[in-house]
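Sharing a structure, written as structure tokens. Questions coming.
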Amino acid sequence: MSGAALAVVVVVVFFLALYLLQRYGDLWKQQRMVLFGTLLSWFLCFLIIFILPLDVSTTIYKQCVHDNSNNLTPVPQEGRNNHTKASSSLYSPMSVQKICEEPWSYIPDGILPVFWRVVYWTSQFLTWLLIPFMQSYARSGAFSRVGKIKTALIENAIYYGTYLLIFISLLIYVAAHPKWKLTWTELQTIGITAANTWGLFLLVLLLGYGLVQIPRSYWLSSSHGYLLAKTYFKTAKMATEKVSAEENLADVIEEVAAVHKSVRNNHSLRNCVDTILTKVISAVQRCGQTQVRWSILLDEAFHLEDVTKSQSSPVKHFVHSFPSVHHQSYIRRFIYTPTVEWYWECVYRQAFYRLLAVLLSLLSAAIVWSECTFFSTQPVLSLFAVFITVAEKQYSYICIEMVCFISILFLCVCVYSTVFTIRVFNYYYLVPHHQTDAYSLQFSAMLFCRLTPPLCLNFLGLIHMDSAISHQDRIQTSYSSIMGSMHLLSFISDGFYIYYPMLVLLLCFATFYNLGSRCLNLLGFHQYLTDDDLASDLVDEGRELIRRERRRRQKAEDGSNQRLIWRERYGIQGLSGSSRAGYAELKDTSPVTEINRSGITFTGRDGEMDEQQAGLLLDNAGDEDSPNIRNDSLWRTSGGRYLSLSPYRTGIFDDV
């Protein structure tokens with residue numbers, strides 16, 4: 001196959017990263033520099049995940065060729081009878097030469113080392129320099145570009161204090177060691193080791209939660225009653241967050257309107273006021289994201305209630321409460337019909353989720369066991385190392401690559417889902433339907449680049465393909481070779497890298513008994529616990545909220561159907577209306593803010609209308625220019641589909 005497999009994987013991974021970026025971000029509205037940095041970071045991290053299995057299989061083939069060229073491989077007594085007499089006559093009675101089969105995805109020599117260097121160092125440049133600088137630049141409150149750059153440099157210098165502390169400590173250790181001399185290669189190794197140490201420290205903490213929570217979430221999701229109760233709980237919490245976001249937006253707009261009115265256009269501070277006005281868009285985005293998440297949660301609650309009704313119905317036909325929301329696509333009309341949907345939701349879904357939960361639990365148990373025993377090479381206790389060894393003897397490269405890919409992918413899901421499940425104190429989180437803001441996109445890109453390299457290096461240790469940990473005389477993978485010789489820092493390779501991953505066992509026990517959720521409850525961050533009285537009260541509150549929203553949406557549905565009937569009967573075009581049943585109808589009596597091309601229309605809490613025709617919340621191309629209002633800064637929907645709330649930016653770092 002030469003390098004064809006590598007080329008195909010690169011293309012597939014690029015489109016995968018592009019698809020995910022389009023799902024969570026907005027390719028047409030968000031700032032181009034943010035999109036480029038996020039896409040490149042995701043692309044490079046996905047490349048490591050997809051190509052590392054190919055590197056493993058290629059290394060195993062090279063090891064076989066190396067063994068044949070240097071010496072003969074001893075064969076056990078029971079295996080000697082299976083070889084031909086011709087082979088026995090050429091070599092000693094106790095040895096026979098292996099027949100090395102080239103893998104289908106073999107990558108020629110010299111390609112992977114260069115490839116890994118480009119991928120690794122580019123990702124490290126993005127995660128440690130460019131993306132943090134872009135985030136600090138965008139958050140800066142300075143009114144000039146020089147001031148923003150100065151603030152970004154100071155913030156990053158403070159932030160990198162811990163990383164520099166680790167690097168300097170390792171540098172002093174190597175400099176004081178009598179056997180080592182500081183060269184450029186050794187400095188690279190120290191930098192890589194420091195980055196991997198920082199990543200492994202955070203990696204194990206996140207992994208311990210995900211290894212337990214992901215299988216348990218699928219098992220609990222198989223219970224329809226549990227899932228519905230948790231949805232009610234989340235609805236009650238989301239309602240509070242939604243009201244808070246709307247009130248915050250209302251307060252911000254009142255303050256901004258007052259400042260805008262008090263400072264005239266010819267005032268010396270007018271440029272500063274214009275800059276302040278542009279930053280209000282972040283409050284609009286936060287409110288819009290909450291509206292979208294609220295609508296998604298309502299859809300989920302309505303669907304679960306429809307499942308409850310369908311389970312008790314004698315007719316094996318799934319009925320939706322609001323059919324107009326579900327578009328009659330080709331799949332729904334001919335493949336996923338109401339009958340098929342009934343069988344899936346009411347019969348097979350529970351069994352499938354429980355089977356999936358069992359399989360994921362076994363995989364989690366294998367990972368935990370291997371993390372605690374991978375340092376043992378005689379005997380081999382790591383389950384992944386045992387499987388790779390057996391598959392290597394059978395030359396089953398497909399099995400080797402599939403096991404490596406599934407294991408690495410599951411580790412990544414456990415780690416990254418943990419971060420965006422806790423949502424980092426409600427500030428960074430990924431929201432589908434193009435609703436993720438630029439800060440969260442940059443944070444995810446930075447986090448992926450920092451955690452993926454140590455995660456893959458840890459996996460190579462699990463399968464005994466990292467000689468710095470396993471201490472075996474084997475050919476290293478091209479990926480581990482770019483990390484340098486970890487023996488340079490023996491207390492890291494022989495100590496921290498081996499014993500620290502065992503901490504994952506304690507974290508798994510803590511997650512299994514919900515110690516983290518109980519601690520968050522005590523701190524005021526309410527979590528869903530079945531034995532908690534406050535959670536029961538929130539479930540009841542959420543149930544009432546869903547009933548109210550169902551009545552409101554049903555009224556909107558009936559009104560839309562009535563207008564449609566009148567239009568078809570009498571041909572009246574003016575009654576078509578735009579208030580079809582969908583997410584655009586999900587409004588309440590809370591403060592409402594409408595931003596249009598002429599200015600701001602604000603409805604206060606007392607119901608009085610206050611109009612500021614002054615061009616607030618404008619979307620400018622730079623900090624010094626006058627803002628220009630945009631009609632697409634708010635969240636809105638069309639035909640049941642979510643549209644982007646992200647403003648279009650033309651400045652390099654203006655990603656808010």
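Just so you know, glycine gets a Cβ as well, placed from its N, Cα and C.
Since this is a predicted model, take the numbers as computed values, not measurements.
From TrEMBL, here are the annotated features:
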- 6-21: transmembrane segment (TRANSMEM)
- 33-52: transmembrane segment (TRANSMEM)
- 118-137: transmembrane segment (TRANSMEM)
- 157-176: transmembrane segment (TRANSMEM)
- 188-212: transmembrane segment (TRANSMEM)
- 351-369: transmembrane segment (TRANSMEM)
- 375-391: transmembrane segment (TRANSMEM)
- 403-429: transmembrane segment (TRANSMEM)
- 498-516: transmembrane segment (TRANSMEM)
Would you mind listing the long-range same-chain contacts of the transmembrane segment (498-516), meaning Cβ under 8 Å and 6+ residues beyond its ends?
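Beyond its ends, the transmembrane segment (498-516) has Cβ neighbours at 200-201, 204-205, 207-209, 211-213, 216, 364, 368, 371-372, 374-375, 458, 469, 527, 529.
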Do any residues of this chain, six or more beyond the ends of the transmembrane segment (375-391), have a C-beta under 8 angstroms from a C-beta of it, and if so which?
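Distant Cβ neighbours of the transmembrane segment (375-391) are 56, 60, 366, 369, 397, 399-400, 403-404, 407, 459, 462-465, 469-472, 498.
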Should anything in the same chain at least six residues away from the transmembrane segment (6-21) have a Cβ under 8 Å from its Cβ atoms, list it; otherwise answer none.
27, 35, 38-39, 42-43, 46-47, 50-51, 54, 105, 107, 111, 115, 441
